[in-house]
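Q: Structure incoming, see below.
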Amino acid sequence: MTFSMRRFSAIFRKEVQDIKANASVLVMAVLPLVFSFVYQQMDGPKEQIANMVTLMALTMVGSFVQAALIAEEKEKHTLRVMMLSPASTLEVLLGKSALTALITFVICISNFAILGVIKGNMVLITLFLLVSIFFFLMLGTAIGLIAKTTASTSVVGMPILFVFLLAPMLGQFIKSDFVKKAINFLPTKHLADAMPKLLAGKGFSTVSGDLINIIVWCVLSIILCIVIYKKKQMD
């Protein structure tokens, strides 16, 4: 089945209307910006703060908002209609993810602007953000597909998302070598390690391993999302 821009656009436009009417989603999207304004007034290295609010935007908006929107579609049974429609898996997943991806990217760049850290290797920073956003979107979509209701997205998703959000920040306080090694595999740990280097203007060679790690996680999340989607399509 060929990719249809018409079907993709229809799903995208529906997503715009759903987000505009969902107050909780809008609040969740604004929170990382609020934190940026608050932290901007505080002393300390702004690069580290940028790291933290970027991770917040990725988990809270890229994943949690996406999960809530998918779960809401399931409750309304409109997702079932899409699954049974002529729209392909790619059209549905991209149509349901494109707006959240755009919002997440704009929030991340806005956070950098608020904190005054738009500098360094912006091409690589953009690449890292896009790959990371795609990973969290697929993760959020998978969570939304698994959750039975919108309310249960918190039960299903929060433990997973908190691991990705907090592990890079709390890793230095953990004594267990096993847990430290596990944290070192997480994509958020590699993003947190790479971002200060990129903001300092370092080149690709210094962050290539970090990018490879995030890409691997991204591929795994795509596979997971498609497998769950196909299973739900057959239910």
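Glycine is treated like the rest: Cβ placed from N, Cα and C.
What TrEMBL lists as domain 'ABC-2 type transporter transmembrane' is 39-225. Marked as transmembrane segment by TrEMBL: 21-40, 52-71, 92-118, 124-147, 154-174, 211-229.
In terms of burial and nearby residues, how do these features look in this structure?
A: Counting same-chain residues at least six beyond the ends of the transmembrane segment (154-174), those with a Cβ under 8 angstroms from any Cβ of the stretch are 52, 55-56, 59-60, 63-64, 67, 136, 139-140, 143, 146-147, 180, 183-184, 186-189, 191-192.
Beyond the ends of the transmembrane segment (211-229), by six or more residues, the same chain brings 83, 89, 92-93, 127-128, 131-132, 134-135, 138-139, 141-142, 145-146, 185, 187, 190-191, 194, 204 to within a C-beta distance below 8 angstroms of the stretch.
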Q: Could you tell me whether the transmembrane segment (21-40) and the transmembrane segment (124-147) are in contact, taking contact to mean 3+ Cβ pairs under 8 Å with a sequence separation of 6 or more?
A: no
Q: Report, as numbers and ranges, every residue of the chain located at least six residues beyond the transmembrane segment (92-118) whose Cβ falls under 8 Å of a Cβ in that stretch; write 'none' if there are none.
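A: Cβ under 8 Å, 6 or more out: 7-12, 14-16, 19, 29, 32-33, 36-37, 39-40, 46-47, 49-50, 53-54, 57-58, 61-62, 65-66, 69-70, 73, 82-83, 129-130, 133-134, 136-138, 140-141, 199, 225-226, 229.
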Q: Any residues 6+ beyond the ends of the transmembrane segment (21-40) with a Cβ under 8 Å from its own?
A: 46, 49, 52-53, 56-57, 60-61, 64-65, 68-69, 72, 103, 107, 110-111, 114-116
